[in-house]
Structure formats: C-alpha cells, structure tokens
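Asks: Here it is, the structure, as structure tokens.
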Amino acid sequence: MEHIFLALRSPGPELFQLGPFSLRWYGLLIAISVLVGLNLSSELASKKGLKKSLINDLLPILVLASVIGARIYYVAFEWRNYTGKNFWSSINFLNLNIPIPSALEIWGGGIAIHGALIMGTLSIIFFCRWRQEHFWDVIDVLVPSVALGQAIGRWGNFFNNEAFGIPTNLPWKLFIPYRFRPEIFSTIDYFHPTFLYESVWNIFVFGILIFLFRKANKKDLKLPPGSLSCLYLITYSLGRFWIEGLRTDPLCLGGVPPFCEGGLRIAQLISLFLISAGLLGIWRIYVSKKALPDPSSMNGRNQ
C-alpha cells in the first residue's frame, strides 16, 4: 500500500516576492538560525561566566566567515559548474539585468557545512586571540547552537529541492520535481528526505550537548574545556557519514555524482577525520588527563 498522504513536497524556494525583491525560505531559515543561536549562546556564555558582550561581538564575524567558507568550499569542489559559459550569471534589479559571477549566487543554493565549520573555527581562533579568551571555553558554548542551527537550516534544502537522497517508497518519501532530478532518476518521483534525517539527527545531537552542559553547570558532571566540542564532532559526524551515503549530489573526490563512481565522497572523508579528531580529544582529556592545547594562544600552550 502506497502512503501518498505522507509524501513531502516543497512549495518552492520563495516565501514571497515584492516587486524586484523576493524573500527565500533558505535566507529566512538562516536568519532564524542566527537569532536562535545568538540567544542560546549568550545564555550559555553567561552561565559559564564569560563576558556578556562576547557572543554579540563574535557573532557577526562568525556568521560572515561561515557563509563565505561554506560557499568557497562548495564552489571549490564544483568548479566545473562555475567556469566557461557558466562563469557569468545575472540578477534582475529594477528590471535591469546586472551581470555577476555565478559563484556569488549563494541565494540559489550551493553551500557546504564543512566549509562553514572550517572558516567559522578559524574566525573563532582569531577572535579569541584578539580578545584574549580561551578558545575551548568559547567554542563549548557555541556548539549546541551550531547543532540546533543546522537542524533548522537543513530545511532550506527541502524548499530548494536539493540535497535529497536515493529513490525510496518509504511512507516519509520526498517528491522531487522532474527538473531537479539526476538524469538517471528522471522517471522516479520519490526520494529519501535526507534533509529531514539530518535535521532530526542534529536535534538529537543538540539534546545531548545541552543536557550535558546543564548537568555540568549544576556541578553534577565535570566537563573539562573542549569536551562538548569533541562530542559534537563525534556525534554530528557519525550521522553525517551515514546520511551522506544516501545523497545523490555529493561532493566527490575523483568521481562523479550521484554515486561518486571511481572516487570518494568528500563529506564522508571529512566526517571520518572529525570523528577521529573528536575521539583523540576525548582520549587526551579523560585518559591522559591533559588539557587540550589552545589554538588561539600564540604558542599553543594549555590554559
């Protein structure tokens, strides 16, 4: 029996249009993620005894660096789609077509969370060095917001009809319009809603992180600096590794989508690296009984 009534279907990428201006769901979701992250991180920072202005000062730098990093990362691995005849695009402003490099069309989709994590982390390192803050104390109050923001932001993929999985007939299947399907799946209507899987997984990760933070804040649990960040790397990456294997649009190293034949899925490689890094961090903290080195310190010493 086919459970059509449970099939997901995107209403489209635009929430509304007013003259030459349009508001896209993806942009709205990112804005919501930022606002939720600001409030949550500020609350956690206050409970941890950090300066009240810290998150407000950091957030604009972090968001800008993360968005730029997410786009650069994506374009770097999909550069063939942004060269030659595809190099130029245009935007319509007041009935004028203004040419711009297509690589700048971030509102049309095409960002990668791992690029955001890389550039975002670098921005936090430089910020902590500038403000003379302990890197691990700062990032530990941010990772719950990152997980929650990812859970919210993933729904942008739903509205854009992107980042979906292989064909399926499960009750929670996702309908993808013909023009968005890979050619080899052109006659198939329903696919795995990988955006939903990752959104639910990130809520689970957020729940673990916020539970542990609150336990530590009540002195019921000892969480040395960096513990939450390492746990985030492990838990998020475990889910991402599995979900990435279902996607039809992976960034590939030496192969081509939808299955990266003859190559490797980059997100899975990065996930394995992050899991390993997180496990090494946990081992250093709890087995070797050593503090994690502070990357924002000029000589990398522990603080």
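Yeah, the Cβs are placed from backbone N, Cα and C, and that goes for glycine too.
So Swiss-Prot says this about it:
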| type | residues | note |
| --- | --- | --- |
| TRANSMEM | 18-38 | transmembrane segment |
| TRANSMEM | 58-78 | transmembrane segment |
| TRANSMEM | 106-126 | transmembrane segment |
| TRANSMEM | 133-153 | transmembrane segment |
| TRANSMEM | 193-213 | transmembrane segment |
| TRANSMEM | 223-243 | transmembrane segment |
| TRANSMEM | 266-286 | transmembrane segment |
Asks: What same-chain residues lie close to the transmembrane segment (266-286): Cβ under 8 Å, and 6 or more beyond its ends?
Replies: 77, 112, 114, 224, 226-227, 229-234, 236-238, 240-241, 244-245, 250-253, 292
Asks: Using a Cβ cut-off of under 8 Å, list the residues of the same chain at least 6 residues beyond the transmembrane segment (58-78) that approach it.
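Replies: Same-chain contacts beyond the ends: 30, 34, 37-38, 41, 103, 106, 110-120, 122-124, 127, 138, 142, 251-253, 266.
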